[in-house]
Amino acid sequence: MKQSAKLNTVNKWWQYETTASQKWFQFGLKDLYYNRGLILRFTRRDLLASYQQTVIGPFWIFLQPLLTALVYLIVFGRFAKMPTDGIPPILFYLAGSTIWSFFFDSLNGTMYTFISNTHIFNKVYFPRLVVPMSIILTQAVRLGIQLVLFALIYVFYYFIFHTASPSKILLLLPLLVLLTAGFAFGLGLLISIITAKYRDLDNILQFFLRLFMFATPVVYPASIIPDKYQALFWLNPLTPIIETFRAAFVENGKIPYYPLAIAGIEIFFLISLGLLLFKKRELDVMDSI
Amino acid sequence: MRELVLKAENISKYYRLGLIGSSSLKQDLQNLFVKSRDGLTVEDPQHIWALKDVDFELHAGEVIGIVGRNGSGKSTLLKILSRIARPTTGSVRWKGKISSLLEIGTGFHAELTGRENIFLNGQILGLSNAEVKTRFDEIVAFSGIERFLDTPVKRYSSGMYVRLAFSVAAHLRSDILIIDEVLAVGDIEFQLKCIAKMKEISRLDGKAILFVSHDMQTIRNLCTTGIYLEKGRIKLIGDPPKAIAGYLNLDTQLSKHTYSSPHEAPGNSYIKIKRAELENSTIIHFEFWYTAEGNENLSIGIMLYNDLGQCVFDLASAPTRMENGLIKGACTLPENFLNEGQYVLSIAFIGDQSKLLFDFADCLNFNVQDNGKNLRWYGKRVGIVRPEFPIQLLNIDRDGAI
């Protein structure tokens, strides 16, 4: 453990120490590595428990994004007549809503790390980072399953309608998933610490989170945004992520390199800040819950 | 000398009372300002030192039992040792692995099966997946619920649930075990099994255990050292019987307090005790000087504890408007009501049913000897009280042989 480093010079005997405050920049990575099994165990618990006593069980994982995409297709495609940049509408909406719901569910889980685990956190010690990490992993498993569905629908389109030929951009998919997960993780850590203390902020955040979906190209393409707002619009890390994913299904799709790089930098800072604050405050916030 | 495994130095914990959790940003900014100016030295009435300057050492193979009343800081101490909360000052240093059982079955998921929950709970308590696997059969055998292993735990009876949860806990092999009053659940047979397990862990495996209990019998049987906590401080540390006696205040028989003037009497600006006396172990007499702030209603609370530290009753008088000055009161306990044993009582003075004016804590103690002389039964009976409610017998059919 890192805490022991300084201790060794004081007294070789002791291995661990708890004192009045956590020092900055101590992430307890060794402790976290030791608890890697617990991350998997929590993920398993959440996946097993969420579809207990439901009739169609894990099929909900398929059905949710499909139903969402259909609703978007009807409301935004048929009624509002939003363009889809030449991508078959169902693929267009499915791509947007799959990435968005991965982000939304991950963030909505991690931001309540303390509030929904108060009981366990008041009784047992383990590195608290185990919880948000397992939440992201759970959502990643669900995303994996949803991407299989996406692939099936895509294959169907490709062979029946011969549209939307795949491009090399598809190889970027793991990176896109990683960026989305990182965005939700960093933001979630930050919010979890703040809402644990100031509970009323939670309602405002929920409201902004819903608004944020409309600032993200989920139900419309980035191309409909007026020129003067384009720069601001692309600062949202999810914009280049979703646009890149969609670009994989049009001929001559372009990767938005710049915005993607900026998103990477933003996410890196968000994770760093989130981790820093989380590790500093993970035990102290429990006194105020 | 056995190996030293844990050392707590000077630990204190400062808590804010009242509106915990619902702090507003504004309030916090104000606090920040006050804190930066005055530090923690201000004695804010909304704050409390839950622990103050606690020092002790724990060695391998040692079992420390902690006794103390509710609110004496036991739970806070266990939380700090378990790394759930931080001390406000001081430090805890240790070597090896600490596992804490502040509750059994932490993290159990009702929808999952017993099998899944063994792994889940075991890993939450700090075992690795492989460790749970190797101990799995042992855990299941100890719990005695083999048949229900694949049933969701929400279908378990509370007894089965406790057995399963405790079985997982009993198979932890950490260097230091921190246990809250988890033995107080489950049936007697299972409790004895657990105590035997704890003995085995400390004596044979040489692990250190620190635990809290209200059951003095267990403390006496199991511990090598006793700590008596009072109001966040260590009042006594040493042989378990000594700590227990200190806790129960049994060293000195206290059956009378009298003070001639308010200046020397215990109390505060509201209440000054003139007299508290016990007559024949049945009548509690008390007199006090009363100074009300306004038009408060006064009520008196009497709490009686037995020698296991259990609260036998908590009486409260009806709130009444009283004039300032000397007030006299009495309370008569019925005869043939208390079981044999030692008792300690506290008298509390409450204003408007909510404000504690003064707590004359543990002021009187007494001994009840068997007075059921007309019964053909000798020795102490079980039960917290031993009332003599009449049981009537009546022949209703003389010829109705079975």
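Placement of Cβ uses the backbone N, Cα and C atoms for every residue, glycine included.
TrEMBL labels come from automatic prediction, so no person has curated them.
TrEMBL has this to say about the protein:
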DOMAIN    A:56-281  domain 'ABC transmembrane type-2'
TRANSMEM  A:59-79  transmembrane segment
TRANSMEM  A:91-115  transmembrane segment
TRANSMEM  A:135-157  transmembrane segment
TRANSMEM  A:169-195  transmembrane segment
TRANSMEM  A:207-225  transmembrane segment
TRANSMEM  A:255-278  transmembrane segment
Report the listed stretch (A:59-79, A:135-157, A:207-225, A:255-278) having the maximum count of Cβ pairs within less than 8 Å of the transmembrane segment (A:169-195).
A:255-278
Of the listed stretches A:59-79, A:91-115, A:207-225, A:255-278, which one has the most C-beta pairs under 8 A with the transmembrane segment (A:135-157)?
A:91-115
Outside the transmembrane segment (A:207-225), six or more residues from its ends: residues with CB under 8 Å to it:
72, 75-76, 82-85, 92-93, 96-97, 99-100, 104, 107-108, 233-234, 236, 238-239, 242-243, 246
